[in-house]
Amino acid sequence: MSTYQLDKSNILFPSYRGRLTEGITYNPSNNTLLWVDIIQAQVHRIRLDDEEDYGKHHEVISLDDPKESAGALFLTKDSDIVLISTKYGVCKGAFSTGKAEYILKYDHNAEEQKRLRSNDGIVDPWGHLWIGVMTDFPEGGVQPEGRLYRVDCGDLSVKTMVTDTYISNGLAFDQDGKHLYWTDSLTFTLWKFDYDHESATLSNRQACLDYRTLFPDVESPEPDGLAMTRGGDIYQAVFSTSQVVQVSTDGKMHARFKVPAARVSCVCVGGKDDNELFITTGHLKLDDPSADIDANDKSGDLGGFLFRLKLNEKLGGAPKNVWGGSI
């Protein structure tokens, strides 16, 4: 097993620091990197060709409602338009305006609208959205009231795929689309399902990997955002551990990537040469609205910064799926 130690020299964008950065996404069509800040309700984009100054073309889409959040972003056929999983449903955002508008609201009752928000999600190989919802920040401790939804790209119908979840998080389909790997963070487990695309049904749920076995000395090793390679390996951020791990679906550990931030939240594979990891993190005071999130402070825990690691081999990043519906 290999171990890699990142430090502040691996900070990608030194002049930017978020509160809870997540949903890191590499777009190979234009060599850009996108991410969300969940609490700030923003989607960010930089051009990786601007290596001397990523602030030169730093673009932001913001949701202005103070109750809003941005759980994940989804690429579309237009590289300047993204979909965003938000507090109440799904928005379409445009980098040209920096604004977003709803295309779909979940069929939640008033209490669910208050208590729930979107979290992580993906576009599946057929162009549909899969989005987890969970207890929102102001509602106190997380309860098993969450769900995993599938949003059809044709008619925007929403189907509930998994119920009674805690923190629906990182997920991916394998290359043949017959299996879904999905995380419920507070079960500390990466789960595997069989999937039938024709009927859009999941079955045969089984534990793939219990992260407590990989981190026996950590009180709450919460698997978070992940990326799956064409070869079937999974890179997964593990919140509260300062690590990203590379594992195979049989549970074998291949590598640990140690990050100078406890709250590691998401990872993606990308770069023109398919040999880079991009990692998001959360600030230690992410839930304190009065906290000063200072990009000039590079001491102590470096939560809130983005990190980049170039490796000496191709990582086999999976093809990037895009929303199959109209935009």
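Heads up, the Cβ atoms here are built off N, Cα and C, so glycines get one too.
Database features, via TrEMBL:
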- 20-282: domain 'SMP-30/Gluconolactonase/LRE-like region' (DOMAIN)
- Glu22, Asn169, Asp224: divalent metal cation binding site (BINDING)
- Arg117, Asn119: substrate binding site (BINDING)
- Asp224: active site, proton donor/acceptor (ACT_SITE)
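Positions of TrEMBL features highlighted on the structure.
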{"residue": "Glu22", "record": "divalent metal cation binding site", "Cβ contacts under 8 Å, 6 or more apart": "Trp35, Val36, Asp37, Ile38, Gly71, Ala72, Asp120, Asp224, Gly225, Ser265, Cys266, Thr280, Gly282"}
{"residue": "Arg117", "record": "substrate binding site", "Cβ contacts under 8 Å, 6 or more apart": "Ser69, Gly71, Thr86, Lys87, Val133, Met134, Thr135, Asp136, Phe137"}
{"residue": "Asn119", "record": "substrate binding site", "Cβ contacts under 8 Å, 6 or more apart": "Ile38, Gly71, Ala72, Ser85, Ile131, Gly132, Val133, Met134, Gly146, Ile167, Ser168, Asn169"}
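Taking each Cβ in turn and tallying the other Cβ atoms within 10 Å, the top scorer among the binding-site residues Asn169, Asp224 is Asn169.
Looking at the domain 'SMP-30/Gluconolactonase/LRE-like region' (20-282) alone, the prediction's average pLDDT is 98.
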